[in-house]
Structure formats: C-alpha cells, structure tokens
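Engineer: My questions all concern the structure below.
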Amino acid sequence: QVLDFGWPDMHTPALEKICSICKAMDTWLNAGAHNVVVLHNKGNRGRLGVVVAAYMHYSNISASADQALDRFAMKRFYEDKVVPVGQPSQKRYIHYFSGLLSGSIKMNNKPLFLHHVIMHGIPNFESKGGCRPFLKIYQAMQPVYTSGI
C-alpha cells in the first residue's frame, strides 16, 4: 500500500494534511501486528521530521504499553536519523497540531482575509543597511499575489 501525501519543498503541510497522514499511518499500523510504515521524502529531511513529530504526538493519545515501547523506539530513531525540525513554520505547525490533539486549538474553516501588512522599522538584511521586502501570498499552495520590490 502506497500513499502520496506530498507537498511543496520548503513549505509546511496544511494541518488537515498532517491529520490525514497521521490517521493513515495509525490505521495501517493498527491493522496488523506486522505492518510497518516507511516514509520517503525527496526534499529536505525537516519535512520528514514534521510527519514523525506529528505522529509521535498523535500516537501518544491512546498509547498502550506496546505503543509506548514503539514510541520510544521511534523517538530514538528520530533523534539519531532524522534532522530536527528546523524551519520556524515547521516547529509552529507541530505546536498547532499538538494543540489540536489536546483540544486547546480549534480549526477555523471560515475564510481569512488579509487587509494590510505593517512593517515597523526597516530590517537590516544587507551590508549597506536596509532591505528590499516583497510580499507573496498563497492560497491552497498556489501563489495568488506577489508585490513589487
């Protein structure tokens, strides 16, 4: 059984996608004692770290003794083999996902409207001082607006 849950490199998956991935992994693992999950990633390993970290939170909800041992083994593998989740957005989404599981965060399906963006001060990203900011807005992983520099 092969499932493709891909998303663009250097992006964090939508929370709905993280939920789908964790549910599919859990369903497969609980369907048979000999079932295993193999994760493959063609991009940076931080994306894989998001999935592993999310599933570690997900599987802890109803952990039996066997699941607790499996979680420990997965944690050791994760720490030894998978690059830690490094992008700020990836870390933030793991916290969002954890909040969804605990009930402290609810998903909002209502439309979100961006009315304005305010930058306080000028960041100093260049050696001469200042920066040349631009704004790119995505909707459902598709760019819908790019400002001029």
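Glycine is treated like the rest: Cβ placed from N, Cα and C.
Heads up, here are the entries from TrEMBL:
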- 1-104: domain 'Phosphatase tensin-type' (DOMAIN)
- 109-149: domain 'C2 tensin-type' (DOMAIN)
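I'd like to know what surrounds each of these features in this structure.
Structural biologist: For the domain 'C2 tensin-type' (109-149), the list of distant contacts is 7-8, 11: same-chain residues at least six beyond its ends, Cβ to Cβ under 8 Å.
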Engineer: Per-residue pLDDT averaged over the domain 'Phosphatase tensin-type' (1-104) comes to what?
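Structural biologist: Averaged over the domain 'Phosphatase tensin-type' (1-104), per-residue pLDDT gives 78.
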